[in-house]
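Asks: Got a structure here, written out as structure tokens. Questions coming.
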Amino acid sequence: MQDRILAMILSCILAMVIMYFIVVTIILTFFRSSHITVGRLHFKARLSVRKQYIWEPVKNDEKIRKAFIGYTIIGILVVLTTVGQFYVMAYGYPIETAVIACFIYILAWWSSRAAYMQRKYWEEHASANKEFTLASKDVFKVRMALFKSALVAEMVMSLTYMIYMLNYGVYY
């Protein structure tokens, strides 16, 4: 009876985390850091403006460049960790995998400072570009809060899956 209840609780937590990711992804597609003034169907122009928004601060400021490189590398590690932890835990290393995954998610939380630095750069150089405008500070704060809450949800998912694997997986 207890095994069945524990399995139901863990399954509900995993299902809620997956639904949360879907909701956060949908919300984050509508909350943009900047608003592009080019028309919606001008894809090349929109891509060019987006490229300028990302790469101009990286080219002009050494601190932002280092932070952005770290942010990119850690972002790739987050994706690999999220996918890879299911495979590694299935081979018998649930505790080690969960610790590594949580550590990488904490690094991703820390590396999100690159977005703050990029925002600060564009606030200081706002008159330099008329092709886009920054979103309000409130929208930016909500966007970053959603991003960071998604990282916490990934930690919860990792720990939940670790508990599942310890009780029903390779050691069962």
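Numbers here mean position along the shown chain, with the first residue as 1.
Placement of Cβ uses the backbone N, Cα and C atoms for every residue, glycine included.
Because the structure is a prediction, the values reported are computed rather than measured.
Okay, these came from TrEMBL:
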type	residues	note
TRANSMEM	6-31	transmembrane segment
TRANSMEM	68-87	transmembrane segment
TRANSMEM	93-110	transmembrane segment
TRANSMEM	145-166	transmembrane segment
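Situate these features within the shown structure.
Replies: Outside the transmembrane segment (93-110) by six or more residues, the chain places 74-75, 77-78, 81-82, 85, 148, 151-152, 154-155, 158-159, 161-162, 165-166, 169-170 with a CB less than 8 A from a CB of the stretch.
Non-local neighbours of the transmembrane segment (145-166) in the same chain are 7, 10, 13-14, 17-18, 20-21, 24, 27-28, 31, 78, 82, 85-86, 89-90, 94-95, 97-98, 101-102, 105, 108-109, 112; each lies 6+ residues outside the stretch with a CB under 8 Å from one of its CB atoms.
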